[in-house]
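The structure appears right after this line, and notes come after that.
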Amino acid sequence: MSFPRGSYDPAASNSSPRWPLSAEDANSSREAAGHQKGSDPSGDVRNEELAKLEIAVLAVIFVVAVLGNSSVLLALHRTPRKTSRMHLFIRHLSLADLAVAFFQVLPQLCWDITYRFRGPDWLCRVVKHLQVFAMFASAYMLVVMTADRYIAVCHPLKTLQQPARRSRLMIAASWVLSFLLSTPQYFIFSMIEIEVNNGTKTQDCWATFIQPWGTRAYVTWMTSGVFVVPVVILGTCYGFICYHIWRNVRGKTASRQSKGSGEDVAPFHKGLLVTPCVSSVKTISRAKIRTVKMTFVIVTAYILCWAPFFIVQMWSVWDDNFIWTDSENPSITITALLASLNSCCNPWIYMFFSGHLLQDCVQSFPCCQRMVQKFTKDDSDNMSRRQTSYSNNRSPTNSTGTWKDSPKSSRSIRFIPVST
């Protein structure tokens with residue numbers, strides 16, 4: 001994360017360090033190094049060791065995110081199965097994660113390499129807009145996917161009323177809303193002349209606010225829109241989902257107990273007839289709860305990855321005792337950079353909960369296909385040999401003794417299982 005310091009004073013200036021509200025838009029290695037070491041008379045220097053660490057982390061995140069999400073999209077494209085609503089949401093969440101990689105991580109990686117933003121004013125505004133757009137898209141796509149799981153579990157009859165159309169409308173709304181909410185970046189960020197250590201002036205892509213409290217308002221709004229509000233919605237949806245599943249399972253259990261005791265009555269709770277909202281507990285457990293678990297893991301990963309970043313952002317603008325050199329701590333810097341690790345985790349979560357996606361992904365590559373075929377052939381040969389050996393050992397002709405004279409043995413031989 002970048003916390004440019006230098007001559008910036010929140011009490012005396014309305015210009016803000018490049019607050020992108022994206023973990024990658026941060027070079028915590030900037031001006032403070034020159035202030036601490038005084039090795040460069042121009043003052044526009046940075047902590048090179050920390051900068052190298054940032055560049056390495058961003059490069060790894062970019063490569064892993066691109067490979068993982070591209071593999072998921074390729075597997076979804078090649079899968080012979082009929083595309084479900086969950087696959088539709090996974091596809092668009094992978095696209096949102098690719099947007100994070102290309103619009104957020106990659107520009108910041110280039111920015112860290114060049115130290116200062118190298119480009120015209122319009123490019124500065126576009127980059128800042130796309131960085132925040134990717135953040136909104138990733139968060140809101142997760143919200144609509146969780147909302148779809150809530151509808152599927154708590155209101156199953158609604159899934160019969162044009163479910164594909166509703167899902168596409170929800171996805172389109174999340175993309176459009178993300179684009180609109182990130183549009184103010186065009187008016188907040190621009191190429192301006194900033195003063196660094198020792199009075200040196202340079203051009204960089206920074207945010208400018210009319211009022212001194214603008215930075216606090218901006219960071220608080222972005223934290224609420226990208227993190228707090230989505231987390232509240234996600235928590236509410238999962239609260240209803242868990243309550244509904246618990247009530248359904250309890251009703252089914254009470255119904256089975258009543259049937260076992262010979263009572264032909266449905267269970268009552270507080271004078272009301274308790275009837276399960278879904279036809280079968282097994283159906284919930286195997287189909288819907290698996291996708292609910294997958295979405296829950298994705299939500300948990302999102303919170304764990306992004307919470308440290310937003311905590312540091314809020315701390316830096318609301319704590320009057322905060323100094324920019326605090327962000328020179330490598331642990332703070334890397335913790336903030338790891339926010340985009342969420343885009344790397346999601347593909348593996350999809351593949352873990354949808355085993356066929358991993359198989360379809362592997363089959364997309366010829367080299368992996370040959371390896372799978374070789375292992376499958378070896379396993380098939382080994383299984384055939386084991387089956388033949390097992391059958392021969394169980395055959396009466398290979399047995400000793402008077403098995404024909406023993407009716408008990410003769411009857412038992414008929415029921416000896418032979419694996420197929």
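In case you wondered, yes, glycine gets a Cβ from its N, Cα and C as well.
The region 'Disordered' annotation in Swiss-Prot covers 1-45 (among others).
Residues or ranges marked as topological domain 'Extracellular' by Swiss-Prot: 1-54 (among others).
Positions annotated as N-linked glycosylation site by Swiss-Prot, on the basis of sequence analysis: Asn27 (among others).
The annotation compositional bias 'Basic and acidic residues' is assigned in Swiss-Prot to 32-45.
Marked as transmembrane segment by Swiss-Prot on the basis of sequence analysis: 55-75 (among others).
Summarising the annotation, Swiss-Prot assigns topological domain 'Cytoplasmic' to 76-92 (among others) and lists sequence analysis as the type of evidence.
Annotation source Swiss-Prot lists transmembrane segment at 93-113 (among others), citing sequence analysis. Residues 20, 22-27, 51, 54-55, 58-59, 61-62, 65-66, 69-70, 72-73, 76, 127, 130-131, 133-135, 137-138, 141-142, 145, 298, 340, 342-343, 346-347, 350 of the same chain lie 6+ residues outside the transmembrane segment (93-113) yet bring a C-beta within less than 8 angstroms of a C-beta in it.
What Swiss-Prot records for 114-125 (among others) is topological domain 'Extracellular', and it gives sequence analysis as the kind of evidence. The average pLDDT computed for the topological domain 'Extracellular' (114-125) is 90.
Same-chain residues at least 6 positions away in sequence with a Cβ under 8 Å from that of Cys124 (disulfide bond) are, in sequence order, Phe117, Phe189, Ser190, Met191, Cys205. DSSP assigns Cys124 (disulfide bond) to a helical segment in the three-state reduction. Annotation comment: Swiss-Prot describes Cys124-Cys205 as disulfide bond, evidence class sequence analysis.
Residues 18, 20-22, 24-25, 86, 89-90, 92-93, 96-97, 99-100, 103-104, 107-108, 117, 119, 170-171, 173-175, 177-179, 181-183, 185-186, 188-189, 205, 222, 225-227, 230, 233-234, 237-238, 295, 298-299, 302, 342-343 of the same chain lie 6+ residues outside the transmembrane segment (126-146) yet bring a C-beta within less than 8 angstroms of a C-beta in it. Here Swiss-Prot flags 126-146 (among others) as transmembrane segment, drawing on sequence analysis.
Under the heading topological domain 'Cytoplasmic', Swiss-Prot lists 147-168 (among others), citing sequence analysis as support.
Swiss-Prot lists 169-189 (among others) with the feature transmembrane segment, giving sequence analysis as the kind of evidence.
According to Swiss-Prot, the topological domain 'Extracellular' annotation covers 190-225 (among others).
Mapped onto three states, the DSSP output places Asn198 (N-linked glycosylation site) in helix. Among the features that Swiss-Prot reports, N-linked glycosylation site is placed at Asn198 (among others).
The transmembrane segment annotation in Swiss-Prot covers 226-246 (among others) and rests on sequence analysis.
What Swiss-Prot lists as topological domain 'Cytoplasmic' is 247-294 (among others).
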Are there three or more C-beta pairs under 8 angstroms joining the transmembrane segment (169-189) and the transmembrane segment (226-246), sequence spacing 6 or more? no
Run through the topological domain 'Extracellular' (190-225) and tell me, per DSSP, how many residues are helix, strand and coil. 15 helix, 14 strand, 7 coil
Can you name the far-off residues of the same chain, 6+ from the ends of the transmembrane segment (55-75), with a Cβ under 8 Å from a Cβ of it? 24, 90-91, 94-95, 97-98, 100-102, 105-106, 108-109, 112-113, 334, 337-338, 340-341, 343-344, 346-348, 350-351, 357-358, 360-361, 364
